[in-house]
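Features as listed in Swiss-Prot:
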{"type": "ACT_SITE", "residues": "LYS62", "note": "active site, charge relay system"}
{"type": "ACT_SITE", "residues": "SER140", "note": "active site, charge relay system"}
{"type": "ACT_SITE", "residues": "SER164", "note": "active site, acyl-ester intermediate"}
{"type": "COMPBIAS", "residues": "218-227", "note": "compositional bias 'Basic and acidic residues'"}
{"type": "REGION", "residues": "205-228", "note": "region 'Disordered'"}
Amino acid sequence: MALLEIAKKSLLAAEKYLALNSLISVQSQPELLSQVQASQERISADSGESKSSIDGQLIAVKDNICTTDFPTTCASKLLEQYVSPFDATVVRKAKEAGAVIMGKTNMDEFGMGSHSMYSHFGPVMQSAEDGRPARSAGGSSGGSAVAVATGMCYAALGTDTGGSVRLPAAYCGIVGFKPSYGMLSRWGVVAYANSLDTLYDAINGHDDNDPTSITPQTRERIQDRLSRSRRRGQRLAIGYPEEFNLVELDDPVRDAWENTLAHLNSQSHRIAPVSLPHTKHALSAYYVLAPAEASSNLAKYDGVRYGYRDPADRSQDGLLFSPTRANFGAEVRRRIIAGAYSLSSEAIDNYFLKAQSARRIIQRDFSNAFAQPNYLITDNLEEGRGKEGVDVLIAPCSLSKAPFLEDVKMQKSALDSYVNDVLTVPASLAGIPAICLPVMHGENDPVGIQVMAQYGDEETMWEVAKIIEEGLGSGVGSKTQPTNPTVN
C-alpha cells in the first residue's frame with residue numbers, strides 16, 4: 001500500500017477515535033500529507049532509496065518530549081502554551097530518518113500515573129465498542145498506546161519510568177518496548193525521575209547533550225563482549241521469576257504466562273524458575289526514589305523560569321504551594337510532597353538512602369539471574385563463562401487486563417493505582433531492556449507478557465519476543481494496525 005494511502009487511513013482513524021482523547025495536538029492534514037508525499041516521491045524516484053524503515057510513516061510523540069512544531073505541555077496547565085525552541089534528540093533522529101510527526105499524545109501529567117487520567121486535557125480511554133464500558137488505557141503513555149492500537153499512526157514514542165510504556169501496551173494489546181537505560185538519548189525529554197526515565201533503530205545512539213547516554217566506546221565494548229558469549233541459534237535458557245507469581249494475578253493473566261512458557265518449551269528451549277528475592281521491595285523503593293527526583297526536577301516550574309504564572313502569586317513565605325505551583329494536578333502535588341519529605345533531613349536516612357540501597361540489591365538480583373554478566377559494570381569475559389543462569393526472563397506486565405475506567409475513578413485512594421506498577425517497576429530499577437507483547441488467551445482479549453534480558457542484550461530479547469509473537473501473537477492488536485510498537 002502506498003504511503004499516502006496509509007497516511008489517509010490513519011487520519012480517518014484519528015477522526016473516528018477523536019473521543020478517546022489520545023491526542024493533545026495534531027499536525028494539519030495538508031502539511032502532514034505534503035511530508036508523506038515528499039517521502040513517497042523520494043522512494044519512487046529512480047534510486048528508489050528510502051532514508052529508513054520509517055521513512056514516510058506517521059509517528060506520534062508523547063507530550064513530554066520536546067518538539068518545535070507542537071506545544072510540549074506534559075498534560076499540565078503549567079505548560080499549556082509552552083513551545084520548545086528545539087526538538088528532542090529522539091524526535092530529531094526520527095525526522096532525519098524520514099518519519100512524519102503527526103501529533104502529540106495525551107498522558108498523565110508529567111508522567112505521574114498508571115491510567116492516563118491525571119491530565120489537564122482530560123483522561124485517555126480505550127474504545128468502548130459493542131456497548132461495553134470504556135476501559136483504562138494505562139499510563140502514563142496511554143495516549144501513545146491508544147494512537148497505535150487504533151491505527152492513528154505507525155508507531156509512537158513514549159517514556160517508561162516505572163512501566164509507563166509497557167503497562168499501556170499490555171492494556172491496549174500492542175507492543176511496548178523499554179531499552180536498556182542510557183541507550184536512547186533523554187535530551188529534550190521533560191524529566192520525571194532522571195535515573196529512571198528512558199525513551200530504537202532510527203533513534204538509537206549516543207548523544208553528547210545527555211550525560212546519562214552510553215558512550216560509543218562503552219556500547220562497542222558491551223556488544224563485543226555479548227556477541228562473543230551469546231548462544232546464537234542454540235537452545236536458550238528461559239527463566240520465570242517466582243516472585244512475580246502473585247496471588248493477585250488474574251486467571252487469564254496467569255494462563256497466558258503459562259501458555260507462553262509452554263510454547264517456548266515446545267520450541268526446545270529450557271524453562272527454569274528463577275528467584276529475584278529482593279524484588280518484593282521494588283515498588284516501595286520506586287515510590288520513594290521517583291517522587292524524590294520529581295520534587296527536584298519540578299522545582300523549576302515556578303512561573304518565572306518555566307510555565308504559567310498565576311496573577312495572584314505573591315510568592316508568600318510559608319506557603320507549601322504558591323498559587324502558581326498550585327496549578328499542578330493533585331497527583332503531581334501529592335508526589336512532590338512525598339518526594340520532598342523523603343529528602344528531608346529527618347527522613348533521608350530512613351527512606352531515600354534505604355531505597356537507593358534496595359535498588360542496588362535488586363539490580364544485583366537481576367544481574368545474578370542472567371547467564372551473561374552485566375558488561376556495563378564488568379569487563380571480565382571469564383565471569384560469564386560456565387555461569388549458571390538464564391538468557392531472558394518471562395513475566396506478566398500487569399496483574400489483570402485493563403480495568404474499566406469507572407472502576408478506576410471509584411477507587412478510594414490514589415495509592416490503589418500504584419500497585420499496577422508492581423510487575424514493571426523491577427526492570428526499570430535494574431535498568432535492563434524489557435518488551436511487552438500481546439499474547440492471545442483463548443477467544444478473549446490479549447494479555448501483556450514481558451521479556452526481560454541482561455543490560456545491553458536487546459538482541460536476545462528480540463529473538464525470544466519474535467518466537468512468542470509468531471507462535472502466540474497472531475492476530476493481536478488493533479483491527480486496523482496489529483502490532484506496531486510504542487517505544488520509550
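Keep in mind that glycine also has a Cβ here, set from the backbone N, Cα and C atoms.
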Assigned element (helix, strand, coil) containing LYS62 (active site, charge relay system), judged by DSSP: strand
Where the residue listed as 'active site, acyl-ester intermediate' falls in three-state DSSP terms: coil
Within the compositional bias 'Basic and acidic residues' (218-227), residues counted as helix, strand or coil by DSSP: 10 helix, 0 strand, 0 coil
Composition by DSSP (helix, strand, coil) of residues within the region 'Disordered' (205-228): 13 helix, 0 strand, 11 coil
Assigned element (helix, strand, coil) containing SER140 (active site, charge relay system), judged by DSSP: coil
Number of other Cβ atoms within 10 Å of the Cβ of SER164 (active site, acyl-ester intermediate) across all protein chains: 37
